[in-house]
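Input: a single structure, listed below in structure tokens.
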């Protein structure tokens, strides 16, 4: 899916951001702008600015869909910008994974104009400009070098009930501040010896505005700039300036950055007054982050799961990471559909996991080819079927899409059926296979159970039946014998034997990390079960990330990591119904 398309569905849930953009378009807030080359700029430019210090998760997917989706819908553009200002935690591995995730979700930052530069940026590309702008703030008397330790700065900042106290270095002269800042840049000081702070208001009710740090010393190798810099700008300084440099119109953040918006405006307004930027400036808007039940998205918690081998890695199909849900079999379209359904609001709320699973289920129901898989096999022997013989049966690839054609598979004397489809002593209302009862083999014949084989412990190891030759599905005699039960099967000598991983929710508590609980206590011991299954023979040719509905079971995907040619491994993506609903 390209960034020019969106999944078909009912109208999207409410999105207050659209109202803001509509108002800006109506008043011409960002009309008539041009870039440095004189080319006209779109009236809507958004950006997705991840820090490359980990793998993206489902919450990031919402932000990606919001930013890229709005740009798409308003014929604008969205930039992918890496906020790579912390060299200690960042790595090109994460850069590559984020690029792959955005592309996989169906979006692109490439300009629609032929020959134009793709809008992929790094905050580190602006380090020279950021440094220059920091000096501009010093020269205007609104930034100073503070020589207190981080602990001292924190102690002097105050709290919600007490105002902060000014640093003893707050009134250094412009000349001294410039000298110290340049010496910081030149590597004359150790980490933590000095910081550059904005001079705003140590009594501000908003603690963010109590002389926030703009630059800190960090002698560390950067993944792009190497050892050129030993001072690095803070997020709040970098973010707004990067937006202005890139001509962003609507800077969309989650609610935790709401208190940072005054600082965003403060930096840009001071640089505008210094002649660096001009009106209209970018504006920051906040929307509610995605809180999903039965999941955690804390990077620290997810890392703990990986480090303690509670999961197999960042791409474990039970993880909420984009690489995890992709491996689980979720589709990009289902994620976009989910984000459209939950909408964008100003207030935090919890979205039930069933909403996400429902979007995945609806998307796959419309597209996934059908197939048969026996996950808990029990041998069924048709005693009156000729030995060594087989015949073809057929079924639609998709019952609602005849244009997808039909699939053909063999029936023989020995079959595999689901163990739960036989019961020697059935309860009332059980219409599947039991001694003396008739059922239909789906797409095949009506059969009558005649007996069982048992092992020394009395366990049923095989079921015997006779088939009724005139009752094959699709023939004139198909309805000659009425039965209530219908079971699926695969031919034993022809079946594709495969490993199938039955995944479920990683946690059995809807809020595993709430109220001081140890989230590890909420791990679901049934979140992964591995079985050896017997599948319709055609599944032997399944390629990685091919998706199917296993009839009566759910939706499955050929694992993109472990599947081999002729030997696929399947992951359960989601069941046919919500098994967690009350």
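Residue 1 is the first one shown; counting continues down the chain.
Keep in mind that glycine also has a Cβ here, set from the backbone N, Cα and C atoms.
Pulled from Swiss-Prot:
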type	residues	note
MOTIF	50-60	motif ''HIGH' region'
BINDING	51, 52, 53, 57, 58, 59, 60, 61, 62, 63, 254, 289, 290	ATP binding site
BINDING	83, 235	L-glutamine binding site
MOTIF	296-300	motif ''KMSKS' region'
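Residue 254 (ATP binding site) has a Cβ environment of 17 other Cβ atoms inside 10 Å. Residue 58 (ATP binding site) carries a helical DSSP state (H, G or I).
Remark: residue 235 (L-glutamine binding site) has 83, 85 as non-local neighbours, by Cβ distance under 8 Å and separation of at least 6 in sequence. In this structure, of the binding-site residues 58, 290, the smallest number of CB atoms within 10 A of the CB marks 58. Of all residue pairs in 51, 52, 53, 57, 58, 59, 60, 61, 62, 63, 254, 289, 290, the annotated binders of ATP, the farthest apart have Cα atoms separated by 20 Å. Taking DSSP states H, G and I as helix and E and B as strand, the motif ''KMSKS' region' (296-300) has 2 helix, 0 strand, 3 coil. Of all the Cβ atoms in the protein chains shown, 19 others lie within 10 Å of the Cβ of residue 83 (L-glutamine binding site). There are 17 other CB atoms within 10 A of the CB of residue 51 (ATP binding site), with all protein chains counted.
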